[in-house]
Amino acid sequence: MSRPLFLQPSHEPCENTTVRHTRYDTILVIVFTILSAILYFIPTGFEGAQPTNAVRVRGKIVQVNNDDVQQLGMLKKGHQEVVVQILEGQHKGETHSSTNQLLGRLDLDKIYTVGDTALVVLTEDQNGAITFVNAQDHYRLGLELLLLGLFAVLLIAFAGWTGLKALLSFVFAALLLWKGLVPCMLNGYDPIWLSLGVIALLTAVVIFLVAGVTRKGVAAFAGAFLGVLTSCLMAWYFTYKFHVHGAVMPFAETLLYSGFGHLDLAKIYIAAVFIAASGAVMDLAMDVAASMHEVVEKKPDISRYEALKSGIRVGRAVVGTMTTTLLLAYSGGFITLLMAFMAQGIPLANMFNLIYVAAEVLKTIVGSFGLVTVAPFTAVVGAFLFVRK
């Protein structure tokens, strides 16, 4: 019986190894392409929450009436009357009136001008005739798809086959989160255990698609998962010590009022903390594992202790920038909150004691714990996998 590729002796001919790598890579790509297609067509189970007679189409704003729009400082209230021309579907070419309600909230209100394209929701009767038209918001899906397409082209053009595998892992991750993680959470599964399982699967997919089923991939996977597990334990302990409730997350209360009062928002917040850090943890684990693998390839007679020290040194260099990356990523999400506190002259003690700020501090520091620990974890695992003495 042949041994797995990552346990093959290091003196195996290079050409043989390359052929096997390519074969394993091709098999993985085919498998996860099929799994992604299956995930795409699997229903979430919540499709019935919306009316079945609602049809979503693109519409062009051909006429507006702002007579009933009231300007209150920076805010607008009242309603705007618009005429929409349907651009697709069985009602293509038809024009219908719609009312755009203004709530006096900058984050929710939208004002249309002639020529705008909107996402229009049509309500039909049993005969297919339109009974109600709602110009829901400016149409952004086309630009989102354009951005995704440009990203895919750039990734493949720069990284070739590896870029294609990275793109596949990106698509699989998005589908697994939307079709697996989110509906299972809504159905009451434990958010922490569920998220750990999903992140373990995603870590395996991302790393093995990029690095192949090799010792390098196994070392990166083991180090990354141990780092995520560390973040999970830290988040679980300190979330309750901080008295942070999951309601600090956007739309959390809306979720409760929508009939999901059984959800444990605190556990969902804990899961969100280590999910958010998992990408950076994977990145660092891959950096350390790849560097150690390169060192061992160039110096086959290196000792296990020297390989371990090499991995630790690489980890130290990368950790410094990655922790700052987490800080910048998280602080960018609540920069206006910090500005509001500074503008009002609120003391730092009051600001950092506020539950919203404390939740972000916890998320940043706990995520950084995972980053700091993933380097030694990966180095230790790599030292045992790469070196036989």
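Including glycine, each Cβ sits where the backbone N, Cα and C put it.
Per TrEMBL, transmembrane segment is recorded for 27-46, 145-172, 192-211, 218-239, 268-296, 317-341, 361-387.
Listed by sequence, the residues of this chain that lie at least six past the ends of the transmembrane segment (27-46) yet keep a Cβ under 8 A from its Cβ atoms are 164-165, 168-169, 171-172, 175-176, 178-180, 182-183, 186-187, 205, 208-209, 212-213. By the Cβ criterion (distance under 8 Å, sequence gap of 6 or more), the transmembrane segment (361-387) is counted as touching the transmembrane segment (218-239), at least 3 such pairs being found. Same-chain residues lying 6+ beyond the ends of the transmembrane segment (145-172) with a Cβ under 8 Å from its Cβ atoms: 25, 28-29, 32-33, 35-36, 39, 202, 205-206, 209-210. Highest Cβ contact count with the transmembrane segment (317-341) among the listed stretches 192-211, 218-239, 268-296 falls to 268-296 (criterion: pairs under 8 Å).
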